[in-house]
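Inspection log for the structure reproduced underneath, given as structure tokens.
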Amino acid sequence: MTNKPTVVTCGLPYTNGFCHLGHLRTYIPGDFYVRYLRRLGDDIVFICGSDNHGTPIVVTAEAEKTTPRAVSETYHAHFDNVFKSMGIAFDRFGMTDDPTNHHRTVSILQTLIDRGYVYEQTIQQSYCPKCKRFLPDRYVEGTCPYCGKHARGDECDSGCGRHLEPGEILDPVCATCGTKAELREQKHYYFKLSSFRDYLLEYLPTLGGTLNAKNYAIGWVENELKDWCITRMMDWGVKFPGSDDLVCYVWVDAPIGYISFTEEWAKATNNSWQKYWCEGDRVHFIGSDIIYHHCVFWPAMLHGAGYQPPTAVVASGMVTIDGEKFSKSKGNVVWTKEDYLDKGLPADYLRYYLLAYTSHTRELDFSWKEFQARINNELVNTFGNFANRSMSLVKTKFGDVPQVPVEAEIFAEIERSLAAIEESVRAYEFKAAVDGILLLAAYGNSYISNAAPWKLIKEDPQAAAQILKNCLQIVKACALIMQPVMPESSQKLWEMLGYTDKIESRPISDALVPFENTTLGDVKPLFARIEDKQREEMEAVLTKRAEDSKKKAAGKNTMEAVIEPISEEIITIDDVAKLDLRVGRVVKAERVPKTTKLLRLQVDIGTEVRQIVSGIADVYTPEEMVDKKIIVVVNLKPAKFRGEESNGMLFAAGEEASLLVPLKDVPEGTKVH
């Protein structure tokens with residue numbers, strides 16, 4: 001138990017689409033963490049809400065001929081309902097477009113302005129002459145100036161993953177009509193992020209949570225820290241103080257929502273939000289794709305405005321489906337409601353799978369086959385089998401619960417389990433925590449199998465009674481510690497044990513209180529197996545969705561939409577001759593640490609081996625790249641990506657980064673004409 005009050009938040013789901021499996025990788029671990037620590041006695045408030053601003057929502061509203069607020073409310077309600085169905089119990093689930101967040105955002109910004117951390121600057125901004133409007137964020141597409149991959153607005157989401165400031169994107173085109181964008185002057189406001197470099201380098205080493213978040217942020221700050229444009233020219237959003245035309249950039253008001261939603265909760269429950277945000281710990285659960293927002297932008301903004309920064313940031317790994325990249329456009333996605341809840345599958349099964357499958361920071365590869373295997377082997381065969389065997393034997397052989405004391409060795413085993421599980425939870429090692437819970441059930445399974453009370457019942461009923469009473473104590477402990485993982489199933493088990501209260505009202509320490517009931521409830525199998533037929537039906541849904549997406553893409557006239565406009569700038573043969581293109585062979589490939597999209601390649605170009613850093617890790621594995629022959633620009637000025645020097649550039653086509661390779665085998669270093 002910790003005496004400090006703690007506010008735990010989860011990254012805000014964006015109200016421009018439905019909830020999918022990737023979302024749950026953040027919310028279920030957050031819910032588990034809160035549930036477990038609360039039942040250890042910690043004072044925790046659990047906060048989330050929906051992110052309602054930004055250009056994608058406006059684009060959707062325009063396409064659907066409705067308002068951004070209406071779009072936001074629709075998806076807000078969807079996420080709220082799905083979270084409740086999945087047993088994710090926030091104390092407050094707010095909206096960033098609600099008045100409390102507008103007020104808190106303006107207040108924080110005004111403080112930053114008053115303290116000299118915000119300045120005005122005229123910049124070159126993309127403008128569509130056909131649509132007659134400036135193109136903030138997702139209204140513009142083009143080329144990333146850092147890695148050369150296709151980028152959208154404020155982020156290179158198909159390449160190096162860098163945040164892009166307004167005006168940085170190269171070869172900009174209007175995302176709405178495809179017209180080549182013009183650059184026009186526009187006044188915007190910048191946050192002096194560069195002024196916080198020393199503060200961040202002092203603060204980040206003290207940040208708790210998962211190492212992937214801390215290390216990624218430190219690398220980012222050490223590499224470069226540019227000032228941050230915090231305004232956009234649009235109507236939808238929080239109005240920037242003193243401006244009629246500008247709103248705040250969505251990544252300004254979105255995290256402020258954590259504070260605003262806590263305010264709303266405090267007002268509704270007669271509590272103090274300052275108790276948690278000023279005096280307590282502040283823990284953020286997020287996806288690894290938004291680390292720099294939460295570990296760089298957010299703490300700098302808070303520090304500048306006089307607020308306390310995050311105490312810990314817990315960043316989950318990404319999700320793949322059957323070994324393939326998660327992709328909504330390609331149909332490689334599992335929708336939480338449509339594919340899971342609407343099929344009648346228990347929320348507890350998915351909660352267990354996502355927590356138990358792998359370490360929180362590692363990539364989680366989802367497959368229905370693995371899902372079936374884990375549920376059947378671990379829940380049905382181990383946990384459920386032990387609980388059912390223990391209680392059924394008591395009812396059939398004794399009727400009432402044997403009135404003998406539980407042996408000391410059983411309490412010692414439970415106590416060891418409780419200590420190990422608590423240590424894992426507080427260290428954000430959720431797989432280890434769930435493994436610890438299952439190990440206690442496995443211990444019980446082994447204990448009852450070795451003791452075989454069904455054989456002893458005739459020759460030594462007292463010994464059989466002792467064994468079964470010991471087993472009931474273990475079942476009770478398992479129910480209590482499994483509740484944060486599987487709330488509904490644990491309540492059912494609790495009632496089978498003869499209890500009538502809510503299991504969530506009991507502290508974890510009750511696992512060491514002797515089992516006191518004299519009778520058991522109605523004992524039934526706790527878990528149902530996932531049969532092959534059901535698993536095959538789920539796999540068929542996924543396969544059909546992927547096939548339908550391919551057909552849809554093939555049926556469209558996609559050429560104009562996908563192919564970028566041909567440049568109007570004319571070059572000469574002399575310009576082309578400046579490029580020294582050579583055939584290279586990749587001799588070594590590895591992922592760049594603390595990144596999700598960068599590969600570090602060692603490429604033999606005939607005369608030497610060079611290091612090239614490329615944003616293709618989401619398309620090619622390091623193993624796929626080794627021995628591959630590629631075309632390399634060898635006279636390109638060296639550049640740095642995430643602190644790694646890149647001495648050359650390879651060629652790739654489209655968002656899928658299809659590599660340009662020689663059709664015939666030619667020696668390394670061969671010049672391309």
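Glycine too: its Cβ is placed from the backbone N, Cα and C atoms.
Taken from Swiss-Prot as is:
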- Cys144, Cys147, Cys156, Cys160: Zn(2+) binding site (BINDING)
- Lys328: ATP binding site (BINDING)
- 575-673: domain 'tRNA-binding' (DOMAIN)
- 13-23: motif ''HIGH' region' (MOTIF)
- 325-329: motif ''KMSKS' region' (MOTIF)
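Structure coloured by features recorded in Swiss-Prot.
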residue	record	DSSP (3 states)
Cys144	Zn(2+) binding site	coil
Cys156	Zn(2+) binding site	coil
Lys328	ATP binding site	coil
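The residue listed as 'ATP binding site' is 18 Å away from Cys156 (Zn(2+) binding site) when you measure Cα to Cα. Counting every protein chain shown, the Cβ of Cys144 (Zn(2+) binding site) has 23 other Cβ atoms within 10 Å. Within 8 Å of the Cβ centroid of the Zn(2+) site, not counting the listed residues Cys144, Cys147, Cys156, Cys160, the chain contributes Pro145, Tyr146, Gly148, Lys149, Ala151, Ser158, Gly159, Gly161, Arg162, Lys597, Gly615.
Cα separation, Cys147 (Zn(2+) binding site) to Lys328 (ATP binding site), rounded: 24 Å.
Its own atom aside, the Cβ of Cys160 (Zn(2+) binding site) has 25 Cβ atoms within 10 angstroms in the protein chains shown.
For the residue listed as 'ATP binding site', the same-chain residues that are 6 or more apart in sequence and have a Cβ closer than 8 Å to its Cβ are Gly17, His20. Around the Cβ of Cys156 (Zn(2+) binding site), the number of neighbouring Cβ atoms within 10 Å comes to 25. Model confidence over the domain 'tRNA-binding' (575-673) stands at 82, taken as the mean pLDDT rounded to a whole number.
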